[in-house]
Amino acid sequence: MDGTNGSTQSHFILLDFSDQPHLERVLFVVILVAYLLTLVGNSTIILVSRLDPRLHTPMYFFLTHLSFLDLSFTTSSIPQLLHNLSGRDKTISYVGCVVQLFLFLGLGGVECLLLAVMTYDRFVAVCKPLHYTVIMSSRLCLGLVSVAWGCGMANSLVMSPVTLRLPRCGHNKVDHFLCEMPALIRMACVNTVAIEGTVFVLAVGIVLSPLVFILVSYGHIVRAVFRIQSSSGRHRIFNTCGSHLTVVSLFYGNIIYMYMQPGHSSSQDQGKFLTLFYNIVTPLLNPLIYTLRNKEVKGALRRLLLGNRKGGKE
């Protein structure tokens, strides 16, 4: 292997938005506020779901994992970005870059599969309501979540080394704000058609297969909803499923655009802002989407706050 390849490099330089210095201070403030709100929002979902016995259901079990996933996903890159935006030092160690790439790919893959698992939960709740508690047992829920985490991380174990082994001929400047796969592929000094083809095939399995499952499941859910006579029943299902569909649309819209064309085909600036949206805006919005129209979560939060106040008075 070439001596100047990534295996011998001690660090990378993340160029992030250094070509637009006037934006860096603004981005620092905006991203810091968004990151803090993301931490608060997702932590609140986790705490409320765990502390309120009424939310100990499969739906909120999966939602807790989604919130934990969003916390981990955002934290894997945003602190480094904030550090880079706050000064002139744009470096990241080689080990740090490897960890960031692995987590970014792994957690992204887990979210694809977890959203499909959550869709299955909604499918059973709407299409087989009488058998819901039997089908969605604790054992099955734990198994589904374990498969999502296992397959997502396994996918990253395959894709990360393939990306990092590409010869870079001494180049260590990553034209991005994190060690992301498309940016690292662009650094290669060899033809990357084969690696892009491999990435595409793996992306079909980890990204498009769950999406097809989600779309087919929602086709059955829509048919079942139209057979429901009660308008209140329809409204409740539309609220729950509408929240999930919104999250799916936000997540998949970005990830498909970025990873189904991983090399040179999209503009680099466009890719940075799409990744930023995918990395901070989506995790920020998820708690809002799931709680604004969800009476159960709002009620649990109210009970938790009122309970704490009563406890304080006593």
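Placed from the backbone N, Cα and C atoms, the Cβ positions cover glycine too.
Positions annotated as transmembrane segment by TrEMBL: 26-48, 60-78, 98-120, 140-163, 183-216, 237-260, 272-292. Per TrEMBL, domain 'G-protein coupled receptors family 1 profile' is recorded for 41-290.
If one looks beyond the transmembrane segment (98-120) by at least 6 residues along the same chain, the residues whose Cβ comes under 8 Å of a Cβ in the stretch are 59, 62-63, 65-66, 69-70, 72-73, 76-77, 80, 92, 144-145, 147-149, 151-153, 155-157, 159-160, 163-164, 178-181, 184, 206-207, 210-211, 213-214, 217-218, 244, 247-248, 251-252, 255. When each of 26-48, 60-78, 140-163, 272-292 is scored by its Cβ pairs under 8 Å to the transmembrane segment (237-260), the top-ranked stretch turns out to be 272-292. Here the transmembrane segment (60-78) has long-range neighbours at 31, 35, 38-39, 42-43, 45-46, 49-50, 99-100, 103-104, 107-108, 110-111, 114-115, 117-118, 121, 141, 145, 148, 177-178, 247, 279-280, 282-283, 286-287, 290, meaning same-chain residues at least 6 beyond its ends whose C-beta is under 8 angstroms from one of its own.
Within the chain, the transmembrane segment (26-48) has long-range Cβ neighbours (under 8 A, six or more residues past its boundaries) at 17, 55, 63-64, 67-68, 70-71, 74, 78-79, 81-82, 85-86, 276, 280-281, 283-284, 286-288, 290-291, 297, 300-301, 304.
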